[in-house]
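Undergrad: Here it is: the structure, laid out below.
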Amino acid sequence: MSARTGAQFLQGLRQTSRTVWLEDAQVKDVTTHPALTGAAHTLASVFDRQHQYATACLIPDPETGEPINISHMVPRSVDDLKRRNQGLSRISEATVGLMGRTPDYMNVKFACFAARQAIWAGEDRRNAAGAAHLVAFQQRLAREDLSLTHTIIQPTVDKVTDPQILGNTVTLHKVDETPNGIVVRGARILATLAPFADEIAVYPAHPLPPGAEAYALAFAIPVDTPGLIFLCRDSVAAADAHPFDRPLSSRFDEQDAFVIFDNVEIPRACVFLDGQVDIYNSIRQTGILENLTTQTTIRALNKLEFAYGLAVRMAETLNDQSSATQEMLGELLSYVEVTRSAVLLSAEHGRHVGDGVWFPDPRPLVPMRSLLATWFPRVSEIITLIGSHNLLATPSRRQLDDVTLRPLLDAFLHGANGVSAEDRAALFRLAWDFVGSGLGGRNVLYERFYLTSASRNRIRAHQSNEDRSRANTLLDGVLAAGRCVTASH
C-alpha cells in the first residue's frame, strides 16, 4: 500500500470494531455518528490533500518507491528539513491549525524514533529486538498510511503519591506474560483523535524511578484490540448545527479519550520496550522534542495566521480604527512572525545527529513550547475584546433565510464599508466558534497543556541549557572590567 485517500481512510475506520463510548452509549460507526462524522470527514479531506498537493506532501518510500506522506521522512540534509516543513504546512492548512493531532503529529515522532533506533536498542543492544519491532512498525505506519494516536500520561488520582508510581495499580503497567507477548492493565490519558485512529501507541514520557520495570513499556496495537476501551469526553461538535452557524465546531472536534487497558495482551512483535527503565528514561535523547515541536510550531503558525486574519477582518467589518485595536492586531502579528522565525531558523540551522540523519536546531524551538502555551489564551482574549458584544449579535442561517426577517437583518445588522448582514454574521459566528464555543474552550485548554505546562517547559529549558559559555563570557567580561577600574583607583 501507499498514501491513502480520504475514502480509504473512512473505510478503514468502518472496518474496525473499536470500543468507543461517547456520553451514554457505545459508538457503532464513528464515520456516521452525528457527533463524530464532521471530524471524520475533515480528516478524510486531510488524506485527500496529500494527493492534491502531492509535490509538497508525498515522497517516495526509500525502499519501495511507493508514495508515502512526507511526515514519515527521515531528513538527510537541511534541504530535507525545509521540504518537510513545506509539506507539514500544507497538511496543517487543511484545518487552519485547529486540529492538533492530524496523523502527521505521530508520524514525525515515529520517523524520529526509527532514525535513532540505536538508542532504543540500548548501549549493550539488550533491547535490539524491541528496536527492530519499532522500525518495522514505523515502516508499516508509513506504507499503510495509518492514523495513529497515543496515550502517554498517567491518570491523576493523588498529586502527592502519583509521581512515586511504584505500586500504583491505576496507571498502565505490565501484569503478566504469555507465550505470545505481555499482558497490561491500567489507564492512560489522553488519547486525542482516538475515535479516528487505526492504532494506538504507548511510549516514554516522564522519567521513571529505579524499580519501575512494570511501567517501562512502549508498544503499538490496533484500536480494536480486545480489552482496549476509549471513554470520550462530551462532544463539542454541535452535531445538529448548520455549518454556517458553527463553522469550526461542526468540522474540527478531534475528540479526546480516557483509555482503559483491561488486561490487554500485547503481541511480542508489537512491543518496543519491556522493563528497561534506563532505556525508557533515555528516549528524549532521540531528538523527539525538536522534531515534534517542529510539527506543532508549524501547525501553530497556521493557526496564528488564521487568527490574525480573523481579527483584522473583524476590525475592518466594524471600521474599528482605535489605537487599542490596532495595538492588539500588532500583537497578534508579532506572534505570527516570531513563530515563523522559529520554523525557518530551526531548519536553516539543522544539525547532523549521526548516521546521515539531520534534525532541526532545537534552540529556536524550545522557547515555543512555553510561549505558545501563553500566547493562545491571549489570542482568544484579543478576538473577544475586538468582537465584544458583536460576537453575540449574530443571526443564524435559518434566520437569514427567513423571508420576513431578512430585510430587517439587512437593514440593521450589516457591517461597515458595505459588508452585508450575511457576511457579517458569518464572520462573527466564526469568531464566536473560535473563542466562545465548547470547541474554543477545549482548544485553549489543549494549547495550554498538550506540551505540558508553560512553567514546566521554562524550568526544563533552563535546566537542560548546558552551554552557557557565551552568557558567562559576557558576564565575566563586565565583572573583570569593574575590577580593573577599582584597581586603577
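Quick reminder: no glycine exception, Cβ is built from N, Cα and C everywhere.
Checked TrEMBL, it gives:
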BINDING   HIS150, THR151, ILE152, THR192  FAD binding site
DOMAIN    5-273  domain 'HpaB/PvcC/4-BUDH N-terminal'
DOMAIN    284-464  domain 'HpaB/PvcC/4-BUDH C-terminal'
Undergrad: List the same-chain residues at least 6 positions away in sequence whose Cβ sits under 8 Å from the Cβ of THR192 (FAD binding site), in sequence order, or say none.
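TA: Counting only residues 6 or more apart in sequence, the Cβ neighbours of THR192 (FAD binding site) under 8 Å are GLY100, ARG101, THR149, GLU254, GLN255, ASP256, ALA257, TYR446, TYR450.
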Undergrad: To test your reading of the FAD site: which residues beyond HIS150, THR151, ILE152, THR192, same chain only, put their Cβ within 8 Å of the Cβ centroid of those residues?
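TA: Apart from the listed residues, the neighbours are THR149, ILE153, ARG188, ILE189, LEU190, ALA191, ILE200, ALA201, VAL202, VAL259.
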Undergrad: Tell me the Cβ neighbour count for HIS150 (FAD binding site), meaning other Cβ atoms within 10 Å of its Cβ, over all protein chains shown.
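TA: Other Cβ atoms found within 10 Å: 25.
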Undergrad: Which residues does ILE152 (FAD binding site) neighbour through Cβ under 8 Å, counting only same-chain ones at least six apart?
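TA: Those within reach of ILE152 (FAD binding site), by Cβ under 8 Å and sequence separation of 6 or more, are ARG188, VAL202, TYR203, PRO204, ALA205.
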Undergrad: Averaged across the domain 'HpaB/PvcC/4-BUDH N-terminal' (5-273), what pLDDT does the model get? Just tell me the whole number, please.
TA: 97
Undergrad: List the same-chain residues at least 6 positions away in sequence whose Cβ sits under 8 Å from the Cβ of THR151 (FAD binding site), in sequence order, or say none.
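TA: The answer is ARG188, ILE189, LEU190, ALA191, ILE200, ALA201, VAL202, VAL259.
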Undergrad: Which whole number of Å gives the largest C-alpha distance between any two of HIS150, THR151, ILE152, THR192, the residues noted as binding FAD?
TA: 11
